[in-house]
Amino acid sequence: MSVTKSTEGPQGAVAIKLDLMSPPESAKKLENKDSTFLDESPSESAGLKKTKGITVFQALIHLVKGNMGTGILGLPLAVKNAGILMGPLSLLVMGFIACHCMHILVKCAQRFCKRLNKPFMDYGDTVMHGLEANPNAWLQNHAHWGRHIVSFFLIITQLGFCCVYIVFLADNLKQVVEAVNSTTNNCYSNETVILTPTMDSRLYMLSFLPFLVLLVLIRNLRILTIFSMLANISMLVSLVIIIQYITQEIPDPSRLPLVASWKTYPLFFGTAIFSFESIGVVLPLENKMKNARHFPAILSLGMSIVTSLYIGMAALGYLRFGDDIKASISLNLPNCWLYQSVKLLYIAGILCTYALQFYVPAEIIIPFAISRVSTRWALPLDLSIRLVMVCLTCLLAILIPRLDLVISLVGSVSGTALALIIPPLLEVTTFYSEGMSPLTIFKDALISILGFVGFVVGTYQALDELLKSEDSHPFSNSTTFVR
């Protein structure tokens, strides 16, 4: 089963309705397992060229869009944790490695599609067939666990995104509401204002829960693309306004450390990996292209654009605000109506994007669950699982209300596995029997070791910071936590 973020356009979308009485979309997929591939034949996809599909430009836009979320707003704080020189350089290196690992995944998937005469292969299937191709008998016998491991990390990653979104929504809405009485029309000075205390940020998280429940009950991916389009527009406008502001009156950079303490670097690593975690969208995009032979070039171009945007936003944001930078750069904007509207636009965009991120774990878990019950219980079970999952993300966000640490934790735990650890190992298992140079094996081992070290150290550091903050401020709001 292909599981990914939406890459379809809104064409042909019907009126928005919950459609709770029809069978779940996942149930229909179980009844017709070949429906995913529409009318394509294996011979058509073997040539990597289709009569229908997205163009090169559309694939580029979708790839860039898949990397734009809350992660980019947290990168200035990440650079603070690494240093004004070390941070951008590390982002450049990590962007190159992440792009290389995406190329590895595409190369391995194309090899198995050609070898097995299949039209499409998702991340989990590619890893499973990679283990089957390995000469080790034990790995061959347990190859199906490769797909399960990928599915597990995809679930953790996407639900982690959802938790980050809830914390982001609460932090930004809380700041807007508290500053509403002192908001001015003067956008040229970022004066310190006395905020009017309101309810705890955790209550803001709960206030979003009914809207999130309604969104996740929309099970038609084509309808969700409407929300995707609205989210893209609102976030694009917000990013343009933010970049316009931070490029004004940049202070002297010499006051900032070139290299920060090594103790905070793991937090940078987790946040950076979180931002580059779009490897799950790569194979579905490649499959949807009219001519997939162009995809490697599109992947390189798209990730170059994304890396440049990340470095620019991260460096300029840290230069502009220095040690006062917060977990999301939107929280540093002046207290005028223009920049308050930026927060509201981003809130609307993230709220719409939540359903698309939620779609991925839902389409992994729900088909597995409803395949074990009768047809009459398929719909109630589908809706119940969605309700439990969205409540779980809200509960986790309430338990861990620090936006910067949630981002770093999600990136360290699951982002490193999907983006850095698994792809190099997959290349070894796929091509080892065909002969690989020692240099390639060394390169793959080095990347996987780097990912594993980042996984262990980044997770430990994020949890340690979280426990320290809870001990110091057990009942504080999340905005108080932001340094």
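Cβ coordinates are placed from backbone N, Cα and C, and glycine is handled just like the others.
These come from Swiss-Prot:
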type	residues	note
COMPBIAS	26-36	compositional bias 'Basic and acidic residues'
REGION	26-46	region 'Disordered'
TOPO_DOM	1-58	topological domain 'Cytoplasmic'
TOPO_DOM	103-148	topological domain 'Cytoplasmic'
TOPO_DOM	170-197	topological domain 'Extracellular'
TOPO_DOM	219-222	topological domain 'Cytoplasmic'
TOPO_DOM	244-264	topological domain 'Extracellular'
TOPO_DOM	286-296	topological domain 'Cytoplasmic'
TOPO_DOM	318-349	topological domain 'Extracellular'
TOPO_DOM	371-379	topological domain 'Cytoplasmic'
TOPO_DOM	401-404	topological domain 'Extracellular'
TOPO_DOM	426-437	topological domain 'Cytoplasmic'
TOPO_DOM	459-483	topological domain 'Extracellular'
TRANSMEM	59-79	transmembrane segment
TRANSMEM	82-102	transmembrane segment
TRANSMEM	149-169	transmembrane segment
TRANSMEM	198-218	transmembrane segment
TRANSMEM	223-243	transmembrane segment
TRANSMEM	265-285	transmembrane segment
TRANSMEM	297-317	transmembrane segment
TRANSMEM	350-370	transmembrane segment
TRANSMEM	380-400	transmembrane segment
TRANSMEM	405-425	transmembrane segment
TRANSMEM	438-458	transmembrane segment
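In this chain, the transmembrane segment (223-243) does not touch the transmembrane segment (149-169); fewer than three CB pairs sit within less than 8 A of each other, excluding pairs fewer than 6 residues apart.
If you take every residue in the topological domain 'Extracellular' (244-264) and average the pLDDT, you get 88. With a cut-off of 8 Å between Cβ atoms, the residues of this chain six or more beyond the transmembrane segment (59-79) that come close are 5, 7, 87-88, 91, 161, 164-165, 168, 232, 235-236, 239, 242, 267-268, 271-272, 274-278, 281-282, 285, 288-289, 294-295, 298-299, 301-303, 305-306, 309-310, 313-318, 320-321, 325-330, 346, 350, 353, 403-404, 407, 483. Counting Cβ pairs closer than 8 Å and at least 6 residues apart in sequence, the transmembrane segment (82-102) and the transmembrane segment (297-317) reach three or more and so form a contact. Here the transmembrane segment (380-400) does not touch the transmembrane segment (223-243). Their Cβ atoms form fewer than 3 pairs under 8 Å, with each pair 6 or more residues apart. Just going by CB pairs under 8 A, the stretch in 198-218, 223-243, 297-317 that sits most against the transmembrane segment (350-370) is 223-243.
Most Cβ pairs under 8 A with the transmembrane segment (265-285) among the ranges 198-218, 223-243, 297-317, 405-425 are made by 405-425. Between the transmembrane segment (405-425) and the stretches 223-243, 297-317, 438-458, Cβ pairs under 8 Å are most numerous for 438-458.
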